[in-house]
Every structure is written in C-alpha cells, then in structure tokens.
C-alpha cells in the first residue's frame, strides 16, 4: 500500500463517530488493571517452565468477585427504579381518569342545572337548586365539615346533668321541711321530694335555671357544658374573619324561652292534669285544650327531630331554638387544638378486663376453700399458742362453751355476734339466759364430740365446709358428721305434801238433805280419818277440802252418780260398820 492511499482512520479534527444507545453495553466492563504489555498473543507457558506466582492469582480472583457484586447491585437498582416509574405512571393514569369522570359529572350537573334554571316554575327551580347543592355537599371530598358535633351534644347533656344534680341537692336540703306534704303533693309521704320540695318543684327548677342562665350565657356567652368543650355562642348572622358574640336581645330571648317557657309549659300541663280528677270527666273546653296541647307537643317534637337531623349534616345549630335565634356554638379560637385524653378510658378498660378475669378465675380456684383453710390454720396456731401459755393443761373448750345445753351455740352467735374476746368472757362470767330464739329446735348430735345443735344450723355448717370439717363452738372438735340426738328430757319428781286440812268425800244426795244422825256420823267419820292420817302419814282416798264457812253446799261430788236405792244400801252398810267400830272402841278401855 502506498503512502498516497487514504487511510481508514478518521481525519484530524473530524468529529468522533457517535455510537447509538441501543448498541452500547449497559454494563460496560471496567478496564483490566493489569493489561498485557505485549499486544501479540502468545501461547501460555507450561506450568513447569514458568509457574505463575500465587499472589497474582488471588488478586485476580478478588477483582472478579468485586466486578460481579457491582453488576448485581446495578441490576437491582435499575429494577427498583423501573418499578417506581411504573407505579407513578399508574397513579397518574388513575388521577386523570378520576378528573375526567368528575368533569363529566360536572358537565351533566351543569346541564341539569341549566334545565332547572330554564324551568318556568319558581318552586321547581328552588327545590332543584337546593337538592343539587345538598348532593354536591355530600359527594364532595371535603364533606360538610361540622364544627365538633359531638362536643355540642355533650355540652347539652352536661348542662342537663348539672341541673338534675342541683335539683337533687335542693330536695335533700328541703327533705324535712314541711313534712306535712300539702294537698298538691299527690300522696308522696315522707320520702325524698316530699313536702316543700314536691309542692314547689316547678318553682325550684325555675330558680335554678334562672341562676345558671345569668352566670353562664348572659355573663360569659357559654354554658358550663359548652365551656368544658371549649365552645361559645356566636351570632351566625354576622360574616367576618372574627366570631361575633350574640346580641343582648338574642340572649334575652334565649333565656326567656329556656327558663320561663319551660316553667309555663310545666304549669300548664299540671293544670290540665288537675282538671281530670278521675270521678268526673273534664269539661269539653278542657278536652279541647288538651288536644291542642298534645298536637302542639307533637309538632314541636317533629320540628326538633328535623332540626337535629340537619344539625348532624351541617353541625351548625344544635337545637331548634338555636336555629330560630341564629345562635351557634363554635370554638373561640381556631388555633386551639382539640386534644382528647384517653387515660380515663384506658384505665376503665383495664379495670373492666381485670374484674372479668377475676370473675372467671375465682370459681375455678375455689376461694372459699382457701379462706376456710386459712381460718383453720389461724385457729390452730392460736390454740397452740394458748396451750403453750397455759402450760399444756386444761380441757378442750370452744369460744361458746359457757352456754347452757338447751341453747344452740350457732343461733346464739348469729344473733349475738361478739366483736371481741372480751365480750365473750364478759358474757361467760355474767351468765347467759336462753330464749326462745336461741333454744335448740330439732336437736342433732355432732360426731364425735356429742354436742347438741339445731339440725338446720349443724347440717348447713357441715355441708358448707365440703367435707373438710367444721370446728365445734362448744368444745373445738372437728365435726364432719351428725346424727339425731338420743337423749330424753328428765323431770325431777315433785313430792306432794300432806293435806293440811281435813278432806272428805260425800254423795250428792247427802249434800242436799243432811239429817242430825248423818251429821253425827260425819263427825265420827272425820275423827276416824284424822286418826288414820296421823298413823299412816298419807291418805289413800281422793279428798275434797270442805269449806268451813259455807258448809257442804259448795262441794261438788267427785264420785259417779248412783241411784237412790244404791245410795240407801250403801248408807246402811256404812252406818253398821261405824257402830261396830264404836262398840269395839268402847270395850277396849274396860279390857
């Protein structure tokens, strides 16, 4: 090749040829840090002739690993960036679609508004415009943006609770004033709210509401409940950057309706109730007034419901009166952040969960058994300490060992619960007299001590211990069983004293007509009975004491009545026996 031939290389000063991006390597290989100085490729020497040094080999391996790590890192970064770009593009497309849909909706709404505006009816135009405005408000992203609806409702509830609290305190203060109760009390008698508090209940409510209105709304443009919620009454008729307080006539009308209006309405309803006494029906005029009153109450309730629903939507006027007077509750400053503390709520939830846990666990644990075990351990420890102090001597005695046998110790403890050991010792030293309330009923004997209790008392205590034993109140033994009492009631025999006066038995016929001969026989018979009583020491006959003053007229026969013939025969035989005895007595002194 001659020197004049053009060379394939680029001319001096010419621009370098640009390589397209598609042909470029996205991951260019870094230059070799140890380039071969000889560009001519030569065969590799054999290991035996020229062995490679080990240091150079490790350096090449480290470079290769670093190169592969860099390549992986670059690939991961490129993939993450590509995914982020895809997400951004998807969001942009969704936003554009939503904007297009919103624009289409606005166009349709504008066409609907144009049709409504072109309508010839003013009522239809007004209703259509209001409906479309309400729909736009509900479907917009901002919504109605109410000013603390919950806070306004809570403020009203707090105000009512405050009035009820003050009314209850006034009732308690006037509870014992004018206890007679008056005629208009309605028969309350003696309880809370009777007397003056019940007769003047409407006036008391009027005074309380008037005082609260003066100290809250009239002076500070906010009730106590609204102040706790950081709210104040404002005049909604005035537009401006700053909130304007309500005017004096607005507050005056508000107080006149809330205080005086409630009082007058309550008195009006009471008067209507008084006209119906229950015996005779009310007059036609009163019936007509009652119907009008009921209709007015229904109308007011319906209007209040509609107003409250609108309040839930917009959050401007809490009550119907606020809407009529154009007074609304609003925070005084917009810079104050509404901070809600959940400390009380969290504490309440924790205690509620803890109580539920205890109610679930205690029946499984058996708290009564543990309590009985601790009480038994304490009694044993106390008994051991007492025995050591006394030197280990003495019999087993319970805390009610001083009671008589006929007294149930369980009934006595239930009715005379002693608060200390000193009272028990005083009762033991002073003596206890049983009563019908503490006497044993249906006696049962405890096993093994044998102490006697009422069946119901003893069986209840044993069953309550669930087989672990119940300590006897008389001796301290552990009782697990009981049985019916096998004892008897013993009565001491009463010794009859000898009669101090003379007694005799007569028949009814003899009492009616006594003769002289019979009187002599009776005297002789009395003498003989007196001698026999002195010799034998007791009489074997049933005698009736004779009345020395009244004779035998007051006597009553104790023998069965007999006929007159039997009476004559018996009287004759008795007279013969007496004569024989007299003859024998007369012959004895002579012999």
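Each Cβ is built from the backbone N, Cα and C atoms, and glycine gets one as well.
Taken from Swiss-Prot, the feature region 'Disordered' covers 1-78 (among others).
Under the heading compositional bias 'Low complexity', Swiss-Prot lists 7-26 (among others).
What Swiss-Prot records for 27-54 is compositional bias 'Pro residues'.
What Swiss-Prot records for 55-78 (among others) is compositional bias 'Low complexity'.
Sequence annotations record features per position, and here Swiss-Prot assigns transmembrane segment to 149-175 (among others) based on experimental evidence. Cβ atoms under 8 Å from those of the transmembrane segment (149-175) belong to residues 192-197, 204-205, 208-209, 212, 223-226, 228-231, 311-312, 315, 318-319, 329, 338 of the same chain, restricted to positions at least 6 beyond its ends.
Among the features that Swiss-Prot reports, topological domain 'Cytoplasmic' is placed at 176-196 (among others), with the record citing a curator's inference. For the topological domain 'Cytoplasmic' (176-196), the mean pLDDT of the prediction comes to 50.
Here Swiss-Prot flags 197-222 (among others) as transmembrane segment.
Annotated transmembrane segment per Swiss-Prot: 247-273 (among others), in sequence order, evidence recorded as experimental evidence.
Sequence annotations record features per position, and here Swiss-Prot assigns topological domain 'Cytoplasmic' to 274-283 (among others). The DSSP breakdown of the topological domain 'Cytoplasmic' (274-283) into helical (H, G, I), extended (E, B) and coil residues amounts to 2 helix, 0 strand, 8 coil.
For 284-314 (among others), the entry in Swiss-Prot reads transmembrane segment, with the evidence type experimental evidence. Among residues of the same chain six or more beyond the transmembrane segment (284-314), those with a C-beta under 8 A of the stretch's C-beta atoms are 144, 146, 149, 152, 268-269, 272, 275-276, 320, 323.
Taken from Swiss-Prot, the feature transmembrane segment covers 342-365 (among others), and the record attributes it to experimental evidence.
The annotation topological domain 'Cytoplasmic' is assigned in Swiss-Prot to 366-591 (among others).
Residues annotated as zinc finger in Swiss-Prot: 408-475.
Annotated Zn(2+) 2 binding site per Swiss-Prot: 449, 451, 472, 475, in sequence order, evidence recorded as experimental evidence.
As annotated by Swiss-Prot, region 'Disordered' applies to 512-591 (among others).
As annotated by Swiss-Prot, compositional bias 'Acidic residues' applies to 517-537 (among others).
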Same-chain residue ranges lying at least 6 outside the transmembrane segment (197-222) that approach it to Cβ under 8 Å: 159, 162-163, 166-167, 170-171, 174-175, 177-178, 181-182, 184-186, 188, 231-234, 245-246, 251, 254-255, 258-260, 262-263, 266-267, 270, 329
Spatial neighbours of the transmembrane segment (247-273) far in sequence, C-beta under 8 Å, 6+ residues away: 202-203, 205-206, 209-210, 213, 217-218, 221, 233, 235, 286, 289-290, 293, 321, 325-327
Cβ contacts under 8 Å made by the topological domain 'Cytoplasmic' (274-283) with residues that lie 6+ beyond its boundaries: 290
Candidate with sparsest Cβ neighbourhood (10 Å radius) among 451, 472, 475, the listed binding-site residues: 475
List of residues, in chain order, with Cβ under 8 A from that of residue 449 (Zn(2+) 2 binding site) and at least 6 apart: 472, 474, 475, 477, 479
Environment of 449, 451, 472, 475, the listed Zn(2+) 2 site - residues of the same chain whose CB lies within 8 A of the CB centroid: 398, 446, 450, 473, 474, 476, 477, 479
